[in-house]
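In what follows, a structure is listed as structure tokens, so that the remarks can point back to it.
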Amino acid sequence: MDRERIEDGFTITDRLLSNHEDTPAPPTAAVVFSTLVAVSGSFVFGSAVGFSSPAQTGIIEELGLSVAEYSVFGSIWTIGAMIGAVMSGKLADLFARRGALGFSEMFCLVGWLAIIFGRNALWLDIGRLLMGYGVGIISYVVPVYIAEITPKNLRGAFTTVNQLMICCGVSLMYVIGVIINWRLLALIGTIPCIIQLSGLFFIPESPRWLAKAGKWKECEASLQRLRGKDANISKEATEIKDYTETIQKLSEAKMIDLFQKKYAHSLIVGVGLMVLQQFGGVNAIAYYASSIFESAGFSGRIGSIAMVVVQIPMQVLGVLLMDKSGRRPLLLVSAAGTCLGCFLVGLSFLLQDLQLWKSSPFLALVGILVFTGSFSLGMGGIPWVIMSEIFPINVKGLAGSLVTVVNWFGSWIVSYSFNFLMLWSSEGTFFIFSAVCGLTIMFVAKLVPETKGRTLEEIQLSMNSFHNQS
């Protein structure tokens, strides 16, 4: 078969198939700065997640909200996030990556201001809904933008900084929230919004988006700026141009097109990782950590602080290992750790019910810390990294929106149903989570490709080759 002819209309030159030079590209100031501006949005994401827990007592006392009204305030942002996720891919394709980030931050900023000046539950709910909408867009656009601007040898680590900054945002809100008033805490939440809105004027647009839009000169200028003024970008620019021109020969993608056989592998991997990430219990543990510790007979305050202490160092370790060990090994170790952690928590509740071991609360603490550390190492950030890598540019917007919606919908299902599951059986709930994490190990081993050290074009070609062989 002619090596330049690929089934289903994919015609890629041999340059893509043979380009395996291992000369590592150094991180330039432009790439580092652009990544930092982008992940300011991730910090907004984390701040929004972490705000509701420390602010709960102050808001209820000052505004006289019932627990039910505060529950609406805490959870309504997930609905906003699902709406934002549905539109995220289209907005990123229509307004470019920088435009979509700026658009999302405007909603987040207005949302924070509505909470700061809110005098009743309605204004707080509106603010939280607007923030959720903005975060739903951010959760897709940030990893995609970073993946599209970074060289292949740094892409994994830089994209994972997205998850690290989410963790930092959550942790900062937890720590500061116990000291200051909730309105001042919300005011602090506006700072990363302003930082990103200001920084967007000084960073380049994604060269791959510019190529898709037919702006070849701007694409090369952006790539040159990102790789350094003395860097030779001809090979990378040619790869992007060849691949983009080939993809554009295909018809405009519609949602129904995602379910064609040629995209099946990418879609199964992208959606599957998000489903397994959420149904492994991460948001149940994140949102209800204090109550889990207290139910197990341990101090909720000490347990929550211990989670923060474990979470950030493990996230940093994941960033450092991402482009050295690869995605698959980290995912396998992370999934195995979350499986063990949930099993230990379930065992703690079982021993407590049977009154067989007086130290079972300590086992619950160990289990949750093992889960938190393991999740931070890989399952937290890598599904978003892989999502940003595996979809061809012509369907990336639609596919990314679908994957992001699945993630947020799974988050809502688990966080909503968790209390009911705990009433049914505390140990049973965590044994279910452990089983899901066990399934994740098999899923990663069988289906998830290794994307370390490969250009986006090479990854997407290999995904198409998997379809041709199946």
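All positions are counted from 1 along the displayed chain.
Any Cβ shown, glycine's included, is placed from N, Cα and C.
Summarising the annotation, TrEMBL assigns transmembrane segment to 29-50, 70-88, 100-118, 130-149, 161-180, 186-203, 263-290, 302-322, 329-350, 362-386, 398-418, 430-448. Residues or ranges marked as domain 'Major facilitator superfamily (MFS) profile' by TrEMBL: 34-452.
When Cβ-Cβ distances below 8 Å are used as the criterion, the transmembrane segment (362-386) is approached by residues 139, 143, 147, 155-156, 159-160, 162-164, 166-167, 269-270, 273-274, 277, 280-282, 285, 289, 292-293, 296-298, 303, 306-307, 310-312, 314-315, 317-319, 321-322, 327, 330-331, 333-338, 340-349, 351, 407, 430, 440, 448, 451 of the same chain, each at least six residues removed from its ends. The predicted model assigns the domain 'Major facilitator superfamily (MFS) profile' (34-452) a mean pLDDT of 88.
Cβ atoms under 8 Å from those of the transmembrane segment (398-418) belong to residues 75, 78-79, 81-82, 85-90, 92, 136, 139-140, 144, 253-255, 257-258, 263, 266-267, 270-271, 274-275, 277-279, 281, 283-284, 287-288, 383, 387-388, 391, 429 of the same chain, restricted to positions at least 6 beyond its ends. The transmembrane segment (161-180) makes no contact with the transmembrane segment (100-118), as judged by fewer than three Cβ pairs under 8 Å among residues 6 or more apart in sequence.
Take the transmembrane segment (29-50) and the stretches 100-118, 130-149, 329-350: counting Cβ pairs under 8 Å, 130-149 has the most. Between the transmembrane segment (100-118) and the transmembrane segment (302-322), the number of CB pairs under 8 angstroms, six or more residues apart, is fewer than three, so the stretches are not in contact.
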